[in-house]
Every structure is written in structure tokens, then in C-alpha cells.
Amino acid sequence: MATGDDIPTFKLVLVGDGGTGKTTFVKRHLTGEFEKKYVATLGVEVHPLIFHTNRGQIRFNVWDTAGQEKFGGLRDGYYIQGQCAIIMFDVTARVTYKNVPNWHRDLVRVCENIPIVLCGNKVDVKDRKVKAKTITFHRKKNLQYYDISAKSNYNFEKPFLWLARKLLGDPNLEFVAMPALAPPEVQMDPTMVAQYEQEIAAAANAELPDDDEDL
């Protein structure tokens, strides 16, 4: 998607099982939602998400599948020329985490060495099934991981900031203003947030299991 301006622009491929909240997540960014384009040949919506950094603007053209993944794998055209990716699962549904290696395999088959963030969505839901200590796939594959909650905007910007730093080669890059986001539909419990952040920090220092079983 060529644009007439000089904003650095990157194709971001958003994948994961159906129902994990990918569309809800991308729609939080209001200007991206307003300016999205539908690509009929591939059946995808492309949301241009602009973020303001201390080095100027950066745009992620986020490709959202519009639910096609419910009918099997995605076509290569979805992945081709992808420059970065987010793999999403639902922390309230173990099977969506169990399928992460399949999404990762499909992704790297087409886009070999791109920066990838793994996101566990719906951490606002009290009945969390996939706990921090069981989320090890990203450590084995050198991906970044974030807990997120699309409906509360919790950690919304984190995956984009990490990817922007990788893509622009600047570990000190910062976002200087938050994009306009849809108002939170739910509130995160601060005690729960503190607990989860502690668990993630502890899990990052734990030894990895020897086998390939990720659950």
C-alpha cells in the first residue's frame, strides 16, 4: 500500500485463532478504524495505524483477516511482504495458545526473519486459563511477549513500540503521544495487573522445560 507521504510504513500481519480478539484489538485505534481499506481479492481489512515517536511518525498497515482463519489456514498472499507480525491468543482458552506454534510456522515459512510479538489477550477476564509460567513459546523462538486486554486498552501500545524499535533499529525510541483509542469497555483491576506483571517477570527468569510441549 504505497502512500504519498514520507512516513515510514510497515506491513504488520495479525494472526491467531478466530475469536481471540484480533479485530477488537485493531479497532481500538480510532483513526486506523476510520481510514481502513478493504482488499476484496484477499478478503482482508488493512488498518493504517499511525504512532507518534520521538523520531517522527511511524505507520503500521495492520492486515486483519476478517475471520477467514476459522475456515483453515490463510493464503500466502496475506503474509507476502509482511515486515512484522503479532500472533494473538486468548488467555481464557488454552487451545488458542496450543495453536500458536502453527501460526508461527505458517508465518516464518513466508516471512523468514521478521520481528514478531506474541500477545495473550483478554487478561481482563477473571478466569484466566493460560498462566504466565506456561507461556514459553516466545522464549524458545526469540519473540517478544505481552499480556494485553483489547477491551480495556491495557498494554495496547506495547507490541507496536517494541516492533517500531526493531524496525527502525533504535532501542531508545519512545512514543511521545498516545493515539486516540476507543474508550475502555472494561476496567483492569490494578491488583490483578500487579500480580500478572510480577508473574511475567518471574516466568522470564524461570528455566525453560526441556521438551517441546508448550502447555
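Yeah, the Cβs are placed from backbone N, Cα and C, and that goes for glycine too.
Keep in mind that what you see is a predicted model, and the values were worked out from it rather than measured.
The domain 'Small GTPase Ran-type' annotation in Swiss-Prot covers 6-170.
Here Swiss-Prot flags 17-24, 35-41, Gly67, 121-124, 149-151 as GTP binding site. Non-local contacts of Val39 (GTP binding site) by the CB criterion (under 8 A, 6+ apart in sequence, same chain) comprise Glu45, Val46. DSSP gives Val39 (GTP binding site) a strand state.
Non-local neighbours of the region 'Switch-I' (36-44) in the same chain are 1, 63-66, 68, 75, 77-78; each lies 6+ residues outside the stretch with a CB under 8 Å from one of its CB atoms. Annotation comment: Swiss-Prot describes 36-44 as region 'Switch-I', evidence class sequence analysis.
The region 'Switch-II' feature in Swiss-Prot is assigned to 67-83; the stated evidence is sequence analysis.
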Within the predicted model, mean pLDDT of the region 'Switch-I' (36-44): 88
